[in-house]
Amino acid sequence: MAKDEHKLDIFCLLGNEVVQKIWEEISDYLPSPLKATKNVDDVLAIKSTAALEFPSKQNKREELRSYEDAPPFLRQNPFIHRGYRCNLDIHQCIKSAFKWNNETLNIWTHLGGFLTILGLLIHDVSFRLADVNARPADWFYCIALSVTYMTTLLLSVCYHTFNCHSEHSYCSLLKWDVLGVALSLCMTFISGVHYAFGCRPDLEAIYNGVEASMVVIVLILNFLPPFAGQRYEALRLLVLSCLVIFGVVPTAHWIVLNGGFSAPIITLLLPRIAAMFGFMGVAFVVYKFRFPECFFPGKMDLIGSSHQIWHIVVFLALLWWHETSFAYFDYMKDKACAIPVAPSEDVILQLLS
């Protein structure tokens, strides 16, 4: 019996030495807390300790930070004092979308908007376009608008979900987010020009050419390295604003071509176009002046901040223009052309008098 116990002790000792040897061989490939130590008991103790410590470090990494503790690239709004996610990995970024932080509503407002537009597109293609006897051009603009809007909303969701991963991710995703906004503005303008000047392809080409030139400027300011930094953010915002403001020119021209404010199509669509400009104006003011948190610093960190309001207003504007398109489709279903081929001099003189 004693002999068997002696053999067992020798076997255990040899086993410990083998484990120690293997551990020393692989320790170079392990994190420093798990480097090989002089005996197996210490190794097992360290392994046990590491197993307890690593999750806590992971959790600490997911903790929300204050404005002062956030990395410089995330400190874009000094009126938002807390709720910052910092240097999360991809999995943690996705998890953070389901927790309260200062990006939660930014993510879900546009994710909800994406799903809403997707549902509308399915309904439009299945039922609504047929109900208004949509022409091929109507089908194209309905689908193109919806796809562009969904792309914009999805790019926004990606930016707000993953912008805390790293500074590189923040800058790259911001470029695509701005591109999405520019595409939506451009597609809204192009569709509006078609609704107004579909019977005047010469005018349609001129206005779309001007708008396309502005979009090219936005792309240059957004993606070329010398202009891509925060230094040119105000200039990018100015060009995006010009995309909207320029829409007044074809709108006025459209009113003239249709004989003034009393024309049925003007009566129908002008209030909707004016409301669209109103949406864009509110969005600009809220975004530019960071209202309302500029008056209540630290009070709108999680709910009610300017960027959340901007998201809601942008989504409502996209939804409004979608419905405006169908108002136009319905009006035009029994008509060949929305405007006369050429305006009469009497109409122009009457409007100018």
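Glycine residues also receive a Cβ, built from the backbone N, Cα and C atoms like all the rest.
Since we're looking at a predicted model, the values are computed, not measured.
Per TrEMBL, the feature Zn(2+) binding site maps to H160, H307, H311. Close to H307 (Zn(2+) binding site) in the fold, though at least 6 residues off in sequence, lie N77, N106, Y287, each with a CB less than 8 Å from its CB.
Here the transmembrane segment (107-127) has long-range neighbours at 97, 142-143, 146-147, 149-150, 153-154, 156-157, 160-161, 308, 311-312, 315, 318-319, 322, 326, meaning same-chain residues at least 6 beyond its ends whose C-beta is under 8 angstroms from one of its own. Among the features that TrEMBL reports, transmembrane segment is placed at 107-127 (among others).
Taken from TrEMBL, the feature transmembrane segment applies to 139-162 (among others).
The transmembrane segment feature in TrEMBL is assigned to 174-197 (among others).
According to TrEMBL, the transmembrane segment annotation covers 209-228 (among others).
Non-local neighbours of the transmembrane segment (234-257) in the same chain are 178, 181-182, 185-186, 189, 192-193, 196-197, 200, 203, 207, 210-211, 214-215, 217-218, 221-222, 227, 263, 266, 270, 273, 277, 280, 284, 287-288, 339-340, 343, 347-348, 351; each lies 6+ residues outside the stretch with a CB under 8 Å from one of its CB atoms. As annotated by TrEMBL, transmembrane segment applies to 234-257 (among others).
If you look up TrEMBL, you'll see 269-289 (among others) marked as transmembrane segment. Residues 188, 192, 195, 237, 241, 244, 247-248, 251, 255, 261, 306-307, 309-310, 313-314, 316-317, 320-321, 323-324, 327-328, 331 of the same chain, all 6+ positions outside the transmembrane segment (269-289), place their C-beta atoms under 8 angstroms from a C-beta of that stretch.
Here TrEMBL flags 309-329 (among others) as transmembrane segment.
Long-range Cβ proximity for H160 (Zn(2+) binding site), meaning a same-chain Cβ under 8 A and a gap of 6 or more residues, is found for E103, N106, I107, H110. Taking a C-beta cut-off of under 8 Å and a sequence gap of six or more, H311 (Zn(2+) binding site) has these contacts in its own chain: L105, N106, T109, H110, G113, S156. Residues E103, L105, N106, I107, T109, H110, S156, Q308, W310 surround the recorded Zn(2+) site, their Cβ atoms falling within 8 Å of the Cβ centroid of H160, H307, H311, which are themselves excluded.
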